[in-house]
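Swiss-Prot annotations:
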type	residues	note
REPEAT	97-131	repeat 'TPR 1'
MOD_RES	Ser160	phosphoserine
MOD_RES	Ser202	phosphoserine
MOD_RES	Ser625	phosphoserine
MOD_RES	Ser629	phosphoserine
MOD_RES	Ser630	phosphoserine
MOD_RES	Ser673	phosphoserine
MOD_RES	Ser677	phosphoserine
MOD_RES	Ser678	phosphoserine
MOD_RES	Ser681	phosphoserine
REPEAT	730-763	repeat 'TPR 9'
REPEAT	765-797	repeat 'TPR 10'
Amino acid sequence: MATRKAGSRLETEIERCRSECQWERIPELVKQLSAKLIANDDMAELLLGESKLEQHLKEKPLRQGASPRGPRPQLTEVRKHLTAALDRGNLKSEFLQESNLVMAKLTYVEGDYKEALNIYARVGLDDLPLTAVPPYRLRMIAEAYATKGLCLEKLPVSSSTSNLHVDREQDVITCYEKAGDIALLYLQEIERVMLTNIQNRSPKPGPAPHDQELGFFLETGLQRAHVLYFKNGNLTRGVGRFRELLRAVETRTTQNLRMTIARQLAEILLRGMCEQSYWSPLEEPPYQSPLDDPLRKGANTKAYTLPRRARVYSGENIFCPQENTEEALLLLLISESMANRDAVLSRIPEHKSDRLISLQSASVVYDLLTIALGRRGQYEMLSECLERAMKFAFEEFHLWYQFALSLMAAGKSARAVKVLKECIRLKPDDATIPLLAAKLCVGSLHWLEEAEKFAKTVVDVGEKTSEFKAKGYLALGLTYSLQATDASLRGMQEGLQRKALLAFQRAHSLSPTDHQAAFYLALQLAISRQIPEALGYVRQALQLQGDDANSLHLLALLLSAQKHYHDALNIIDMALSEYPENFILLFSKVKLESLCRGPDEALLTCKHMLQIWKSCYNLTNPSDSGRGSSLLDRTIADRRQLNTITLPDFSDPETGSVHATSVAASRVEQALSEVASSLQSSAPKQGPLHPWMTLAQIWLHAAEVYIGIGKPAEATACTQEAANLFPMSHNVLYMRGQVAELRGHFDEARRWYEEALSISPTHVKSMQRLALVLHQLGRYSLAEKILRDAVQVNSTAHEVWNGLGEVLQAQGNDAAATECFLTALELEASSPAVPFTVIPRVL
């Protein structure tokens, strides 16, 4: 009785070792079994033959695509064991089947494919049961189907008939699909059994759970079917096979395989499938699909059934993607999660190979995520994904650069610059990286000192190629030009303007065919009031690129500086025919129409701008109250996304480029406006600020036209519309001051101008009008002080020089007043209808 119990325990342990592929333990267990039980010699032969074959394959694994090398001495002993077990015929039928399956596997390893197929035919492979069998038997059957598929692939078709070729291909694929399905079932079963054993184990510690390995045959069964589908031009079935594998409940052994398959399927969905040819994972595949080879015939459904299948994920409310990008994104996010979970980050030399594989796998996933999210414009989400990739990114330029670009696209410019600095460290010879950093610093960030450093780096790195060197000088010129705008001292302004001019001249000489170099050189000359020279270069820019909106705008402003207002307006109209939604051009058109066509035309343009605004933005105007100007209905409609429209930064309408004072002022305005709005309980503004700032500027331009024709009531209504959007904007407060001044309320006007200057201390128009009001009130000394400060801020404002002359004359200082009047006359002769700085200065 004790002997029978011991034998039962040994048999159970042997079955467990076979299921878990612990082949090194089998010989010792066989010895114990032979010593305790009689008549187990044949079983021992089977077990020893199987374990030695598996040990041999573990030491010298087969490779996909490589042919077995024929009989080998090491396998002779395996054949002896198996032949002995089969020849005596004392084994039970199921163990005889197992012996034949192992023999067929050995025959394949030795290279005798035909004999292996004969053995499978004798065994009746398709009739072997899958229910009520131990896990190791499932593995053996799965490997048998994979081996049969390999043998069929190796052997030539006996006839050249195309139908036989198609039938053979289908037989091969069916073998691999069955192998894969049964392999998944085996892996689920063995994991369930192992977990049960761990839970039932006594408190004393036992052997650690054994990590399963797929091995050559199971891996072939799981991965070969879809490869053949794609090779044969049947993308529909290939995608279907991928989905079947992914829907099976995951095991520890299949985690890496699932990640690979998910990544491959995502790549096919993104690169090989359009929305029209997509079908949902829960739908039947189309009978005929444009994805497939048109010469291939047959249904896109399975040609077999199995009595037992692997468990699949199921349940209520499970998410199911509805289009290809959505499914690809789901797959990639799952792959990303797995890549992060299994990341190898250790820097010790022994882990170098694993770390490189982990990095390569993660990089492919993040590259595909970039494609998927980039298509949807989801740059915020992409930057978050790539931020998680930073754990892999030590000394890896590609991931750092992808992260920087995603931050740029998401509008996170400050972080993007910091990441680009790391990219520059990793790849110091690439001039495009500091050029991108300079672009961000010159643009919305307005970090001009940083921009100057990056621009100089581009110049230094670009010594080898004139193209990058020219771009470096262009960035340097823009930096100096913007620094000149920011400078509060006239001498510093002039020095920086000279440096900007030299940089633009160098850029133009290095790249004479670059329209941007010619344009910015012309713009800098215009800002310095060298009008004839500027005209020459802007015409060069237009010869190089005749439809450039900024060049056309500059040409119009230069013509207006020469008092050719009608010609300037014609140029603006021509530019608007190409760019009808460019608000910078439209604002200039309002000013020019006021000068040469009268206020009615200007007001019609304001009305037209409001129509364009409401046709472009999917926003709701918080100022809609049924009150205010009757220029236009204030119902906001939607037609297109706002990112297709060209917008300046309207924190200061006199400069299309951001500068230090306007950055500070706009932040103060936004904070104060939000406080004011909350106190007034008005609805919050939805979406980005730019559209609302544009709308406010439209109303302010209309108010300015009404002030010009002496209509304070209409001007007040328009100003109120802007105030409903930004009650603490210095532009709104300045316009309120102008309306009060028009009504003759000088004390009220003074208060409005002072409030505007408290928010934006360098707003020249507010300084000039405040000084004029103080002059009216007889406060000459204070008016003179304010005007002298204004001259330091903008030495080309002829209104300021004229006002200073009037104040000095009122104080009896006629000589100084005369000099101011002459300067004002000289500047007015070259003054454009709109300041040249309204044109954006960006890379």
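Cβ atoms are placed via backbone N, Cα and C, with glycine included.
Not measured: the values here are computed from a predicted model.
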Summarise the repeat 'TPR 1' (97-131) by DSSP state, stating how many residues are helix, strand and coil. 28 helix, 0 strand, 7 coil
What mean pLDDT does the predicted model reach across the repeat 'TPR 1' (97-131)? 90
Which numbers of helix, strand and coil residues does DSSP report for the repeat 'TPR 10' (765-797)? 26 helix, 0 strand, 7 coil
Could you break down the residues of the repeat 'TPR 9' (730-763) into DSSP helix, strand and coil, giving a count for each? 27 helix, 0 strand, 7 coil
